[in-house]
Every structure is written in C-alpha cells, then in structure tokens.
Amino acid sequence: DILDDYLKTDGVWILTRNKQFYIANNEKECAEKCEAERKFNCRAFLFTRKKLQCLTLAENAKMTVTFNSTDAVLYEKKIYLLQCKRGIGKDYRGTEAKTQSGIPCQKWAEKTPHNPNYTPEKYPNEGLEENYCRNPDNDEKGPWCYTTDPDTRFDYCNIPECEVQVMHTAEGECMQCNGEDYRGDVSRTESGLECQRWDAQEPHMHGFTLKHFPEKDLKMNYCRNPDGELRPWCFTTSPTKRWEYCNIPRCTTHQPVSGLGSQCLSGKGEDYRGRMAITESGNACQHWNTQFPHRHGWIPDRYPCKGLEENYCRNPDGEKRPWCYTINSNVRWEYCAIPFCDETEQGIAGMSNVPMEVPLLEECYRGNGQSYRGTTSITTSGKKCQAWNSMYPHRHEKTPERFPAADLRDNYCRNPDGDNRPWCFTTDPSLTWEYCNLKRCDDHAQ
C-alpha cells in the first residue's frame, strides 16, 4: 500500500508556501500526486475529506508551523521523519546538520570554505539539501558532511541507529494481538524519535501515569499500549510530535487460547464469544467487516483478538456490556441482551442497571449543562460517545483526573470546559467531538 510509507495525523494543517493543489477522490490518489510531484521534493501531503482537495507539500511538520483543522489529514513521508539511520544511512533524510565533534555543516550547494565533489546538481536523488548530513557515496561509516571549519574538509555525523534489532530478537520482543500485553524495552517510535518517560509531563502533558494505570507497566520510556490503540506507542521527546506508534513486529507464534470464550455475560462481557447478533430492541447487527450502513473503526483485521466475527455482539472497547452497530441506518449502535452467567449476578446487575436500561423521559440539562449528571451517551447525529478515560480513537486532555469535579464517568455526556451544552468525544475516527442528543429542561415542567 502506497500509504504505508507515510505517517498519518488527523486534524492537522501545516503552513507552507511551496505547495501544489490537485483534486483527488481519496488519500491514495493524493499520495500518487506526491510521488509524481516534479516542481519540488514532496515530503508530505494534505487531504481534505469534504472538498476532496489534495495539497502536495515541500515541507513536513518538523519544518514549519502546524495548527488544528478538523477536516484535514496530514500524511508525512516517513523517510523524512527518521532521525536515525538504517545500515549505512544511505536513505537518511533527517535534519542533523553538525558533525560528531559539533562543527556546523557546510551547505551542499556552497563552495566555501570547501569546494565539494558532491552537489545537488550532480546528485539530485541523494537528498543534498541545506547542510543536512547525508551519505551520497555509500560510505561505510555512515552520513557525513563538509564542515564550516576551513581546516577540516569533512567529518562524520553522530546519527543513532534505528532500533531494527527488535525485528531479529526472541519472541519476547514481539507483540500479540494489539500489543496490550507487550512488556519489551523498545523506546523509540517508528520514525526514530526517542520516547518521553511516562512519569514525565514535558514536553507533553498527559494522564497516562503508573498511579492511574498500575496494571499497564508504564515504566521508563518503553513503548506500551495502555488504551487499546492499534499497537504500542509512546509520547515523544519532540515538542512538535505529541505521540507516535512504535515499530514492534507481531509474534510468529500465537498465545495459547484459554477456552473458547464465554457464551454468557460475565462482568462487562469483554470475553463474550457467543453468537447473539440482535440488539435489545430487536435490530439486527451489522457485520464488523462492512462499513454500511455505518462507517466505523472496529475492523477485524486491525483487532485480531477482539472476536469481531460475523455480526456477533461484542465488547471490544470496554463498554458496559456487549453491543453492535445495527443494520438500521437510523440507529448507529445498541447494546445486546446477553443472558448473565450467574442468576445472582443477574439480579444484582439488573437492579443497578435500571436507570441505564430505561432512559428517563425527563432527561435534560439546565443552563449550559455543567451540572448535568445523566447517562445519555449518544451525540446529535447518533454517534456513540468515547469513554472519557480512553484515548481511542481520539487522544485528548479531558480526563477524569484533570477534571475531577466534572463527573467524567464512562462515556456519559458532560460539559467539563464550560461549552454551550453537554458534549462528548465520538467513537467515529472521522469526527472528534459533537454535542449530545439532549434537550434543555423546560422550567415550567421542572
């Protein structure tokens, strides 16, 4: 896939003068425009979903200013983000511009203080831009540059090795499923950035601490997957890149399967593997591997251990109980009526779930809804709310720890930041947040 060579970031726009506009039907077509770009060296492209607009860019987020843009998706060529070298660094395109002894590099296009043998004109495909360290002559010692010291013609650069050794280690350095149980010590991202320590709050503030996630092994700055992402990740030490996935291979041998999974409801039903495929109101479930009538991110190939088979009810995201998307275009998702494994448990849970099972007719909010403490978890367009303590599909700062007075429980609609009315982050990857399907209370009927 042509997009495998790019790093994707949702909701970001970058400011650059050197760009070209195209019309493209999808991201792949836009990537092809970037590969074919001849007016400049295309390092990234922007794609807008609504306008189907494609912008090829000479710069990436490391080189210019970024800002939020809801409809835009930024794709950056990974080769230009790598700050480490693979092998002798022939394909290194990072921005290191000083030698191992700290001397600034001479620009490749200049002739002083040294007259270069390697120039951008003679070697247009070697990435000889600015004064960045490169290896145009396949030097076994790696990237180098001409120096700005008249007495030193050239010197090598101190470029760290990419952590490719993880690809050749024992099974302990690989991941099962989506890497939720990965406990290895890889501490660089897939583009070579060093990971920020989990117990640090600089350069990025976050809520993923050992205190709040004691079972997630958030040690040192090792890559982990505490929030059900596609694979292990970490916050980076780069101020311009908040977080990034880590390059950890899947294990070639699979973990032994303990039993066949539960056929009844126990706890939240995350291990339920029965064949119920109808919601509690009678709607048939949509198949997990289809995107109609509802588009979603729970694709079986991406989550191999979540049991997303056929259209069976499942609980892949830690919801209250198993659910599914429905084939009713007006009802995006619903819970399923799975029988409890224990009748005693059923009686207790059934009693405690009454408010959730029977939505109160007077469910409404007053003022701007900051005092709302109901259990609605659906947006105005019918999308399911993302749990406040989850970072998937949207990474955010509105955590229960940071807003303790806002009652950010489960995925209930709330207004922690003084907005116009209650809202939530959505489980739809293409829509970050939305107001909730709630009405203002009628003062006369209160």
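Just so you know, glycine gets a Cβ as well, placed from its N, Cα and C.
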Which of these, Cys264, Cys285, Cys413, Cys424, shares a disulfide with Cys341 in TrEMBL?
Cys264
Just confirming the record: what cysteine out of Cys385, Cys441 does TrEMBL connect to Cys424 via a disulfide?
Cys385
TrEMBL annotation, disulfide partner of Cys441 among Cys336, Cys364, Cys413:
Cys364
Cys174 has a disulfide partner in TrEMBL; which of Cys84, Cys251, Cys285 is it?
Cys251
Which candidate, Cys285, Cys305, does TrEMBL give as the disulfide partner of Cys324?
Cys285
With every protein chain in view, what's the tally of Cβ atoms within 10 Å of the Cβ of Cys285 (disulfide bond), excluding that atom itself?
22
Taking each of Cys174, Cys195, Cys264, Cys313, Cys385, Cys436 in turn, which of these disulfide-bonded residues have a Cα lying within 10 angstroms of the Cα of Cys324 (disulfide bond)?
Cys313
Using CB atoms and a 10 A radius, I'd like the single residue among the disulfide-bonded residues Cys174, Cys341, Cys436 with the highest neighbour count.
Cys436
Any chance the domain 'Apple' (1-79) and the domain 'Kringle' (363-441) are in contact, meaning at least three CB pairs closer than 8 A with a sequence separation of 6+?
yes
Top Cβ-contact partner of the domain 'Kringle' (263-341) among 83-162, 173-251, 363-441 (pairs under 8 Å):
363-441
